[in-house]
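Trainee: Provided herewith is a single structure, encoded as structure tokens, for subsequent inquiry.
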Amino acid sequence: MTLSVTNTLTGDREEFEPAGEEVLLYVCGLTVSDDAHLGHARVWTHADVMHRWLSHLGYEVRHVENFTDVNEKVVARVGEDDLGGSELDVAEGFIASVIEDMRGLNLKRATVYPRVSEHVPEIIDLVETLIDRGYAYEANGSVYFDVTAFEDYGKLSNQHLDEMESQGNPDERSEKRHPADFALWKAGGVSPSDVAEHRKDDRPLGDHPPTGETWDSPWGEGRPGWHIECSAMSTTHLDDTIDIHVGGHDLVFPHHENEIAQSEAATGEQFARYWLHTGLLETAGEKMSSSLGNYFYVADALAEFGPNVIRTFYCSTNYGSEQTFSEAAMAEAEERWERLERAHETAVDACDGVDARTKAEDETLRTAVAETRTEFAAAMNDDFGVREATAALLELATAVNRHVDGREAYDYVGLRRAVEAFEELGGGVLGLDFGGGTEGDARLADDLIELVLDVRAAEREAGNYERADELRDDLEALGVTVEDGADGTTYRY
RNA sequence: GCCAAGGUGGCAGAGUCCGGCCUAACGCAGCGGCCUGCAGAGCCGCCCAUCGCCGGUUCAAAUCCGGCCCUUGGCUCCA
């Protein structure tokens, strides 16, 4: 059985076959002008599961996920609170927090996380090539891609240039030959009006608004355009032709369309062989986005739900579909995850039980494990069908529960196989952590300590100081120091 | 206006590419029962679906074809 995948480029389901030895995977990363929200994390998580499944199938995966650290929106935040005094400082701060989020979500590391600011020479080379080949032109120190020169323009998104309502930024139109031409290189720094437009707070612009980084180029001082960096970075870290390009559906046009135009015009080779687009996360019927302000930060979600619930939530819909975020949906994800976790624990406990020497053979259990593996693989090979893959695991949970329920003698071989399936498929492929719950332990510990302190407070209130002191000593023995102060009781451990 | 994705039970959401095992998965919620000091977990059983609408193809359609209605996204920064 082989992996098949829905390719936006052709609109069809296709058998997946990497071009070379390794699978070259590029994920369109984040513009780091804010912390990441759950919509971003959905793309990462699905890309992560794809990566894990490809590895599971035996492929070597080279996975590149970029950070766009050169952008007007980043510049607009310069000087805000303690974000940093320069574009790159601000970006670095957000990158650090995004990496933190990614770790929190139990994502496998990408091979590289390249930044735009580190690839300006490659970008300039690419732009020069495009000019040399007649696909780009210079105007007042900026360079634009000439969409009419690239005859395949629109092939990804099926857009026809003359039928679109509006194209491009009206301010730039004067120097562009065609309204859909897009900037490869922008003269000078970021303009005050752009800074003002992207400001998140209401600080006055001031006499010297930040302009962001600029670099020397054959066309003078300037900055790279938006789309060019992905072309430069994927070529640098992967190859002219990559296997899989992943990104959110909202990037199909113009971003991905423009990437194709630039890269293919420059190299004459196909840019990406399989384009996989993830459906957007919505809240109450509209997409979760920074501009709409209806987002939920990854860090907050991790604190509230933990990585396993979030990953189970993402895995309850396939990557290409839209998904709605709601408290109810998260509650359901929690139930699903806990059902898996409990069944896993039940199986482990049964194997470790006192009657571990008794034995039985349960063909039903063993068959169920085998079926789980087959169904899981079939689901994943069917365009990364994580929803059905998870369903297969949940059916295994039922099989385990049935086997253990009210039984005296267990089938240890069968249970062991079930545990392995949970850990290998749920853990290794879906990235769920059955490992005894390091996740959420800190939160739980705090909650428990506070619970004990509540009891202790009640005892003190009632004048039972002896009992209260015992509780304090008991906590101390566990490494938790309790201190009563003027404004209440604090603890540390 | 143009492009794309989608409309399946109370909710959520597979299945649609390759028509029949779909008498529609998995789960949540709800209702019985078992177990249980109580609760939870678990187990067994049940309830809820004219698969957006209309027409067509076919022995057979949620699945294919045509038309229509509605939702979301893209065409401006966006994962």
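Using N, Cα and C of the backbone, Cβ positions are placed for all residues, glycine too.
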Trainee: Of the residue ranges A:30-40, A:184-194, A:250-260, which one carries the motif ''HIGH' region' annotation in TrEMBL?
Mentor: A:30-40
Trainee: Ranges A:77-81, A:287-291, A:362-366: which does TrEMBL label motif ''KMSKS' region'?
Mentor: A:287-291
Trainee: Looking only at C-alpha atoms, tell me how far A:E259 (Zn(2+) binding site) is from A:S290 (ATP binding site), rounded to the nearest Å.
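Mentor: Spelling it out, the Cα of A:E259 (Zn(2+) binding site) and the Cα of A:S290 (ATP binding site) are 23 Å apart.
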Trainee: Mean pLDDT for the motif ''HIGH' region' (A:30-40), rounded to an integer?
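Mentor: Mean per-residue confidence for the motif ''HIGH' region' (A:30-40): 94 out of 100.
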Trainee: When you scan the chain for residues with a C-beta under 8 Å from the motif ''HIGH' region' (A:30-40), skipping those not six or more beyond its ends, what do you find?
Mentor: 67-69, 71, 73-74, 76-77, 90-91, 94-95, 97-98, 101, 198, 200, 248, 280-281, 287-290, 295-299, 301, 310, 325
Trainee: Where among the binding-site residues A:C28, A:C230 do you find the Cβ with the fewest other Cβ atoms within 10 Å?
Mentor: A:C28
Trainee: For the recorded Zn(2+) site formed by A:C28, A:C230, A:H255, A:E259, which further same-chain residues have Cβ atoms within 8 Å of the site's Cβ center?
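Mentor: Neighbours found: A:H227, A:S231, A:H245, A:G247, A:L251, A:H256, A:N258.
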